[in-house]
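As written in Swiss-Prot, here are the features:
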- 194: active site (ACT_SITE)
- 37, 38, 39, 96, 97: ATP binding site (BINDING)
- 131: Mg(2+) 1 binding site (BINDING)
- 170: Mg(2+) 2 binding site (BINDING)
- 196, 220, 224, 225, 226, 227, 228: D-ribose 5-phosphate binding site (BINDING)
């Protein structure tokens, strides 16, 4: 069996170290820095010939820098004769640009990134909770898109929720909400239906479902600025919700996210370490981070040993 080696870029070094610790191996020796003009500089400082190489790198902000680090590291490994190269991308950036809407003159950037990674020589991709599952079809190599839900469910089950209801923040998240509700014992779901009655009129948050006197669990794949999430939480509290928790795999937290979350009626926001939490977000006092390291370490072990990934979720 080829020797397994883990390497990390600069996007999520803490997560990479946690994964390495769980696999009882050291992170590989690689220098990932910048030339004086800002270009990515990579050097692999150990032998990887014939090795089963895993490169851990989220393509979160700064998205272009982190993507280029990943691409250049893959190329360096390929030129160093690595046996197999798996890109472990906990958060896959550009995933929200996955289609052309009404033939608009826009790119399908998720496809561009998939081609970029495939063409540079990656053999396999491991990621978590793609924003759109069909992105797997953009790749010409195998893609394992695993689910962060089990990590979030453990936390939900430990909180002693009072007569809980799972809430989808929009119509597009109903499938996720229903699956979460089923995993929690087939509990009720509610849906926040956001709509704008007419031009230049504020959005209205219509609530479908009963939340009065109940703990609400909002579930989503990611939180960006948090604006819609905070409005949804406000609508739930106005309808009599007891407590409101928000769960998401990816803590994008861009723009005014820190202020939005800090000043919101949300009781707690629970995310994972697919993206490192900024000091500004940590200072809000409302954000809890769960680690994906155990799940990713097990997935990496299974890939290296040619075992089933889907069996992890049976």
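Each residue, glycine too, has its Cβ placed from N, Cα and C.
Recorded features from Swiss-Prot, shown on the structure.
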residue: 37; record: ATP binding site; Cβ contacts under 8 Å, 6 or more apart: none
residue: 38; record: ATP binding site; Cβ contacts under 8 Å, 6 or more apart: none
residue: 131; record: Mg(2+) 1 binding site; Cβ contacts under 8 Å, 6 or more apart: 92, 95, 96, 98, 221, 222
residue: 170; record: Mg(2+) 2 binding site; Cβ contacts under 8 Å, 6 or more apart: 191, 192, 193, 194, 228
residue: 220; record: D-ribose 5-phosphate binding site; Cβ contacts under 8 Å, 6 or more apart: 169, 173, 176, 229, 246, 247, 248
residue: 224; record: D-ribose 5-phosphate binding site; Cβ contacts under 8 Å, 6 or more apart: 252, 253, 254, 255, 257
residue: 225; record: D-ribose 5-phosphate binding site; Cβ contacts under 8 Å, 6 or more apart: 253, 254, 255, 256, 257, 260
residue: 226; record: D-ribose 5-phosphate binding site; Cβ contacts under 8 Å, 6 or more apart: 253, 256, 257, 260, 261, 264, 269
residue: 227; record: D-ribose 5-phosphate binding site; Cβ contacts under 8 Å, 6 or more apart: 256, 260
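Residue pairs drawn from 37, 38, 39, 96, 97, the listed ATP binders, are separated by up to 30 Å at the Cα level. Counted within 10 Å of its Cβ, the other Cβ atoms near residue 194 (active site) come to 16, all protein chains included.
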